[in-house]
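Asks: For reference, Swiss-Prot lists these features for the protein:
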- C298, C358, C361: [4Fe-4S] cluster binding site (BINDING)
Amino acid sequence: MTLAEKILSQKAGRKVEPGEFLLLEPDIALANDITAPLAIKKFKEYGGKKVKYPDRVVLVPDHFTPNKDIKSAMQVKMMREFAREQGIEKFFEIGRMGIEHVLLPEEGIVKSGDLVVGADSHTCTYGALGAFATGVGSTDIAGFYLIGKVWFRVPESIKVTLRGKFKDLVTAKDLVLKLISILGVDGANYKAIEFSGPGVKEISMDGRFTISNMAIEAGGKTGLFPVDEITIAYERERGIEVEEMYPDEDAKYVREVEMDLSELEPQVAYPFLPSNAKDVSEAEKERIKIDQAVIGSCTNGRIEDLRLAAQILKGRTVSPDVRCIIIPGSQKVYKQALKEGLIDIFIDAGCAVSTPTCGPCLGGHMGVLAEGEVAISTTNRNFVGRMGHPNSKVFLASPAVAAASAIKGYIADPRKL
């Protein structure tokens, strides 16, 4: 069996097959300040009085928080009141929250082998832990509140075999952008993307979260890593004991892709699709002027990402024509960055440092683009109008490329600084 089949079989209590429909009880049901209010309204419309499993419900206000306007304040107020009313303890108030997909693994809320649903498409991030995690609609979450179950179709799987080691300043973000360019934005529709091979051990947990996070950008249902010694060490730091989990040798896949980490260059995904990836050495030749650089998000807002950005920015200055916004993914990441002196490096370089928020990624706040403006961002989507005005543009890249570009004022190769 594949990893996806193993986890779903364990939850179903029997062996399952791709294409089969299941009604299962997830371990965690997540929603945020955009998706939770609709789930709450629907729960009440369905006649709900008491949430079936309040201990499995997680509510994280992160998209428009700290509240950017009255409407967003009302959204979070609804979440807050629902949590109190239902005895939901895992409501993360502003000041204690983080970007949801950074926060939940960090807090040990999601663990290896879990079945997780979230009313957010990047819930697939937790596949890095060897959890079957996938995005669902707010009405699915409402259904979970009511009966404690959600329907699933067992996905087919794509196997991605990794070999070699990353070269200097090449990262997990570059790997996943390259993979999406190979698969296409719909190449993994309703399939699990499973990572294997000796190269897996070269990727840290922070890097694995980045890769699994963007599985959805190829249409993937989830992006799964095996549970190995790296996963076990991460979980043990949080007081969680898990066992190794690998796919069976005779597991069946609908497609197989091989990638050599040592052959990768830093990547840049051009507008308006995450699959439009090019080598940064080629992009640099075009001298694409930028107005803004964003380093953060559920894709690249972890401590390793900030360390990499600081490595590039230390002793240098952001171009006077560029706004560089740094967003730690959680309060713990922020505190660690403070402890390591990274925040000083960012401020000395001329960056703005924000409290944890999804803000600019979805064009919500904290970095909305004006007409004609261009951004390079460590986020995960660059669709038309994604970060602001419909006539703005977003290029996706790693923290190293984003930081180098902020310094140069145009999309630049960090290896040449």
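Quick reminder: no glycine exception, Cβ is built from N, Cα and C everywhere.
Tell me about the setting of these features in this model.
Replies: The secondary structure of C358 ([4Fe-4S] cluster binding site), as reduced to three states from DSSP, is coil rather than helix or strand. Under a cutoff of 8 A between CB atoms, and with a sequence separation of 6+ in the same chain, the neighbours of C358 ([4Fe-4S] cluster binding site) are N32, D62, H63, F64, I99, S297, C298, G364.
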Asks: How many other Cβ atoms sit within 10 Å of the Cβ of C361 ([4Fe-4S] cluster binding site)?
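Replies: I count 27 other Cβ atoms within 10 Å of it.
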